[in-house]
Amino acid sequence: MPKKEVVDAVTMKRALTRISYEIIERNKGIQDIVLVGIKTRGIYIAQRLAERLKQLEDIDVPVGELDITLYRDDVKDMEEPELHSSDVPVSIEGKEVILVDDVLYTGRTIRAAMDAVMDLGRPRKISLAVLVDRGHRELPIRADYVGKNIPTSKTEEIIVEMEERDGADRIMISKGNE
């Protein structure tokens, strides 16, 4: 399938900077925020948001990692689910947890992530930040912070590449068979 770059590194950086500003504005500061990245690329995005928030507000925002493997509604269909550990370095009790992921599609990943977060404690609020919202929701979930809205068909795929994992920052769209 041919891939087409739709967002380059500079545009991706701008989108993350905009999300950082929105987080500050909507929360009247960031003292009670915990960023929780959904494995795998959500973690890199959460770390970048924390770095940008530190530059803007001079506050270290805790960043956690969330593995949702056992919370997925398709886990029974997997032969042997690959388990990773979740690591949230602070208590989330009474905090605002911002779940961070690369792409919002059906909403099922986010539903699983909310279940996983609730097993860690009782946050005051859960919000969602995504780099890309591609539409096609199957559950009533929406992102509070969106880097880019990229409408797709159901047969297309959004591919997010991150420097930390893939060697480059970019977002591509892969055309499926329509």
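Each residue, glycine too, has its Cβ placed from N, Cα and C.
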Stretch carrying motif 'PRPP-binding' according to Swiss-Prot (options 45-57, 97-109, 123-135): 97-109
Intrachain residues whose Cβ lies under 8 Å of the motif 'PRPP-binding' (97-109), provided they are six or more past its termini: 23, 33-38, 41-43, 45-46, 49, 66, 68, 72-74, 117, 123, 125-141, 143-146, 158, 160, 162
Pairwise C-alpha maximum, in angstrom, for the residues (THR40, ARG41, ASP101, ASP102, VAL103, LEU104, TYR105, THR106, GLY107, ARG108, THR109, ARG134) that bind substrate according to the record: 18
All-chain count of other Cβ atoms within 10 Å of VAL103 (substrate binding site): 20
